[in-house]
Amino acid sequence: MSSSLWLQCLQRLQEELPATEFSMWVRPLQAELKDNTLTLFAPNRFVLDWVRDKYLNNINRLLNEFCGTDIPILRFEVGSRQVVVPSSQIIAPAAPAVTLAPRPLPATRILQDDAPSRSWEPAPSPVQPESKSGYRSNVNPKHNFNNFVEGKSNQLGLAACRQVSDNPGAAYNPLFLYGGTGLGKTHLLHAVGNAIADRKPNARVVYMHSERFVQDMVKALQNNAIEEFKRYYRSVDALLIDDIQFFANKERSQEEFFHTFNALLEGNQQIILTSDRYPREINGVEDRLKSRFGWGLTVAIEPPELETRVAILMKKAENHNIRLPDEVAFFIAKRLRSNVRELEGALNRVIANANFTGRAITIDFVREALRDLLALQEKLVTIDNIQKTVAEYYKIKMSDMLSKRRSRSVARPRQMAMALAKELTNHSLPEIGDAFGGRDHTTVLHACRKIVQLREESHDIKEDYSNLIRTLST
């Protein structure tokens, strides 16, 4: 009874909620109906609190609809039950931005020696605090969840990483984060590693760039120590690999990682990967690997929106014991939009100039300190440049941007260009409308809202937006 009732609720919730929300928060819940009490089990406290806060009314409404007067009491608990709703009975969302696959069945874990053989050991890394189990984790202690600035652009990724750190190997495995350079993916990897190590001091957590995995494998082959290499990587509790796209065209490395990936998953050992693009779009990587990358949860890390950029600047300034005026933070954030590293670099330059000259940090001072950087941004990002870039991206004529044509093949790129003009320039809505064939400002506003909606609903539109932002901001 519990499976059929909760299955009905799941099917309706999947229809009502955005695919990202359903996969992230609702799908992991398990249900048990006993003594007229429906207990929903969440994988951790974070998910439980979120579901109860955001979706309790939806669930109660559906129970009332399906059960009539015989409504069960609803309870929430952290944990799991043995029998779960088969994932095959849930309607698969069409091209979701976040995908969730069934977790692998647990297997008997083979314990290895705590440290690899002396004939081979991992390549050195700049940051190498030794874990208590003897593994060089390479996790940077400076990066944690407390100093990661949350915004709409990274909210899902941050939530997923928190869940994984609460319950490694069980929450979402593998977790795949993708997005452009300098958006915080590496920070999140280190934050997960630190959180796991804080909770379980003896946990064997390894962070690395994908190229280091390749270097370690080559070294192991040269020293005839491939078995030690395998033991090391297959006996960790969490493997965090950055920039997995660098495995492209490295067939032997892909072969070894394929088997390592399978071994870790079978042992319920956590895997987190990052890339600069969606798994299926990584060229030069075997299809069987790309398929496995999407088995767990795939989350996009977007370029930060204005409010998040301002918050990042204020947080970084606070770390330097600098009071950054609000108007200065907004001035910088409105003009530098591509990624977090660019913002940090600009702020560091402003702070250094202020320290050297002893001057107060004002808008005029910032304009002078960043004059070359701001001039370059203003030169790169104009409405005309946006129109040309979007037209080329969607393979339409520049004249179509200004025309009255309403076919989707033209209207959608035009809406995208308007939304980008609002995000990337300082022009007002009427000015943007004038640049698009004399359109009214309400048309521009509608276009911006439409693109926001489509980015939530369509993976393709979200990818187009991110790709165009990167192109125009580089």
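Using the three backbone atoms N, Cα and C, a Cβ is placed for every residue, glycine included.
Taken together, the residues in the region 'Domain I, interacts with DnaA modulators' (1-90) have a mean pLDDT of 77 on the 0 to 100 scale. The feature region 'Domain I, interacts with DnaA modulators' is assigned by Swiss-Prot to 1-90, with sequence analysis given as support.
Taken from Swiss-Prot, the feature region 'Domain II' applies to 91-137, supported by sequence analysis.
For 112-137, the entry in Swiss-Prot reads region 'Disordered'.
Marked as compositional bias 'Polar residues' by Swiss-Prot: 128-137.
Look at Swiss-Prot and you will find 138-354 tagged as region 'Domain III, AAA+ region', backed by sequence analysis.
A 10 Å cutoff on Cβ-Cβ distances gives Thr186 (ATP binding site) a total of 19 other Cβ atoms nearby, all chains included. Sequence annotations record features per position, and here Swiss-Prot assigns ATP binding site to Gly182, Gly184, Lys185, Thr186 based on sequence analysis.
What Swiss-Prot records for 355-474 is region 'Domain IV, binds dsDNA'.
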Long-range Cβ environment of Gly182 (ATP binding site), under 8 Å and at least 6 residues apart: Ser338, Asn339, Val340, Arg341, Glu342
List of residues, in chain order, with Cβ under 8 A from that of Lys185 (ATP binding site) and at least 6 apart: Gly157, Leu177, Tyr178, Gly179, Asp242, Thr274, Ile301
Environment of Gly182, Gly184, Lys185, Thr186, the listed ATP site - residues of the same chain whose CB lies within 8 A of the CB centroid: Gly179, Thr181, Leu183, His187, Leu188, Thr274, Ile301, Asn339, Val340, Arg341
Neighbouring C-beta atoms (10 Å sphere around the C-beta of Gly184 (ATP binding site)): 26
